[in-house]
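Novice: Before I ask anything, here is the structure I am working with.
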Amino acid sequence: MRRCLAALAAVTLLSLTACATDEPGGGPAGGSTSAAGSGTGEQSKFFVQADYDAELALLDATPTGPADKPWEQMLNPTMVDTSKFRKAGPHKLCFSNAALNNPWRQVGFKTMQAEVAAQGSRISEFVHVDAEGKDQKQIADINDLLGKGCDALIVSPNTTATLTPAVEAACKAGLPVVVFDRGVSTKCPVTFVNPIGGYGFGHVGAEFVSQRMKPGGKVLALRILPGVDVLETRWSAAKVAFDKAKVDVVGVEFTDGDPAKTKKIVDDYLQRYGTIDGVWMDAGAVAVAAVEAFQDAGKPVPPINGEDQLDFLKVWKDKGLTAIAPTYPTYQWRTPVIAALRILDGQQVANPWKLPQPTITQDNLDRYLDPGMPPLHYAMCGCTDLPGYPQRWK
Amino acid sequence: MPTVARRALSPIRLRVRPGGVLPILALLAVLLVLVGLRQPDFLDPPSLMSFLGRSAPVILLAAGQYFVIVSGEFDLSVGSLVTAQVVVAARLIDSDPARTWPVVLLLLVFGALVGLVNGLVTTRLRVPSFITTLGMFLILVGAVYLWSDGAPKGGLSEEFRRFGRRASEDVPLLGRVPYALLVLVVVAALAVLLMRSDFGRTLVAVGDNPRTAQLSGVRVWRTRTVAFVLSGLAAAVAAILLGGYSGVSFQAGAGLEFGAITAVVLGGVALGGGRGSVVGAMLGALTLELLFALMNFYGVSGALRSTVQGAIILLAVAVSATRSSSR
């Protein structure tokens, strides 16, 4: 056990040095290395008990709004007045996008474009600027957009703290600002749209894995990288669940979202421990690689969580896995467009606009598994009723 | 008679000369013993076979890198070439099994072409290969990013992935032999044959002293360009195996160029060219992978791998520098 802990400490420490991110608002996520009951290490610096409690409560809350349109639903909404932004249409909407550099953002952005198309003549022009994952570029992008006569500005911030002043400047310019996905640390936007969040995601996966595996079994936790708030919250909620369930977390490893690295890590653990009884992941992108590592080693695939990416859903169905897929739904890309138009109509909107965050389970798997869609598509896109489906997403 | 006498005297000295395979074999044996003590199951045929299969791409890249290094140049572009190949393959195949073979062919041509450009720019335009291939590295990274908007699209067919993932089952004695290992054995045999041919000798001569080679009638630029083409081809084969092993990934080839160079240096090949064998380079890659496996068994973080690689390169170059100055 002592050796495991030392190894874990070394792993975490080195991964931290190796994968320094420019994610602010966090500083190092580290220190999470010293002894603790089940090998999960110390709690993440990002962990906020009140937020955790609130998110877990939201998982059971009943949303208001149309049941067949979760992207228009709100959880425990507090409505804000927007009458001062009322304006005659059609409108010019501008969108400063953090990046398009992963399949989740690709699917989301296509969904957003389709939503714009669906709004038809209500939107005269939709301007999109891609910051390519760079804070400095996004700050400049937002500044440029302020001079382009936008009626409303949608921002998906690259990082929280660094983009806050740029968003504040946009608010001061007088146009309504809608922020979604990652947040900013200012209350000035009219609304902040996002799903329940990371604690909910991490908790759902960890609870499933620890309940379905054999008691006291060995869990391998695979994380993408440290220090990013949305991912840290996922892990910290999972840690709470694993500590409570008293499972033996034999490793917490960082995969960088790379399938080859993931497969090697899982393979390494299988060689070192013989069997692994449960796998938890903070994001589904490499879930299939983890599953393949078990298959290729000729071992049964233990209870595992992935995400709503189709490649995982397909393996799950084909191989009869014991699996679950908490989601960070891509349908949230529709909501900012809807919110911006409502604000420009002077209608009330919820702030924050908390969207439901559905989970794919064995029972509803078939509803989300569309074999005609590409492997990297996200099932929870809420896009089947949008113009251009399915070609636009292929 | 004098020749015989000298022969009888010198085998030991001959074998441990710089560039010989004896040191790397000794190191490999030591690591095998250490692994065997720590994790005896690892040496069972099934797990050993799967280890060799997993290591095949790196060993292939080391062989490709050897051709370039022994001729006195570098190829830093192979890692990004592998990534580009995997991403291109996924997009072109788009999960359609019928496109597997045409795409495999295309990847080989693409790899050879990239090598040809590297070679011609280095030899004809006289750009140092360090710069040429670094430029190619950046061009490929950028082009892949631009072409795919930063996220891979499409998917690899099961037929394509078979080479890197599946195995020939029920082989007597060995059990399961990964296809990747079979590919490796074939390529390794070809590489050894090539190095025994006239071309191989010319290649080493060019690396040892390009001026002398030139004066004795060798077209140095052509020989070196062929070396780059061989490295590109090795990268293509490695990409097919790696893509098969892990599926589409944007990081498929990240850092492989340094892995390959480390392996080549570890295998006793002199940076700067002219000394070392292709078998040594491939054994170097195998040793490096075994070292990483050993680190895993002792619970050492994977993040230390690049540190270990860096240390090996520095150490090996320092050792060979002191040796050649005392030559």
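Backbone N, Cα and C atoms are what each Cβ position is placed from, and that goes for glycine too.
When I checked TrEMBL for this same protein, it listed these features:
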- B:21-39: transmembrane segment (TRANSMEM)
- B:51-69: transmembrane segment (TRANSMEM)
- B:76-93: transmembrane segment (TRANSMEM)
- B:99-120: transmembrane segment (TRANSMEM)
- B:127-147: transmembrane segment (TRANSMEM)
- B:177-195: transmembrane segment (TRANSMEM)
- B:226-246: transmembrane segment (TRANSMEM)
- B:278-298: transmembrane segment (TRANSMEM)
Novice: Are there 3 or more C-beta pairs under 8 Å linking the transmembrane segment (B:99-120) with the transmembrane segment (B:51-69), counting only pairs at least 6 apart in sequence?
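Specialist: Contact between the transmembrane segment (B:51-69) and the transmembrane segment (B:99-120): absent.
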Novice: Establish whether the number of Cβ pairs under 8 Å between the transmembrane segment (B:127-147) and the transmembrane segment (B:76-93) reaches at least three, counting only pairs separated by 6 or more residues.
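Specialist: Yes, these stretches are in contact.
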Novice: Among the recorded stretches B:99-120, B:226-246, B:278-298, which has the greatest number of Cβ pairs closer than 8 Å to the transmembrane segment (B:76-93)?
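Specialist: Most contacts with the transmembrane segment (B:76-93): B:226-246.
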Novice: Against the transmembrane segment (B:226-246), which of these stretches has the most C-beta pairs under 8 Å: B:21-39, B:99-120, B:278-298?
Specialist: B:99-120
Novice: Residues of the same chain, at least six outside the transmembrane segment (B:278-298), with any C-beta under 8 angstroms of its C-beta?
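Specialist: Distant Cβ neighbours of the transmembrane segment (B:278-298) are 19-21, 24-25, 27-28, 31-32, 34-35, 38-39, 42, 51-52, 54-55, 58-59, 61-63, 65-67, 69-70, 188, 191-192, 194-195, 259-260, 262-269, 304-305, 308-309, 312.
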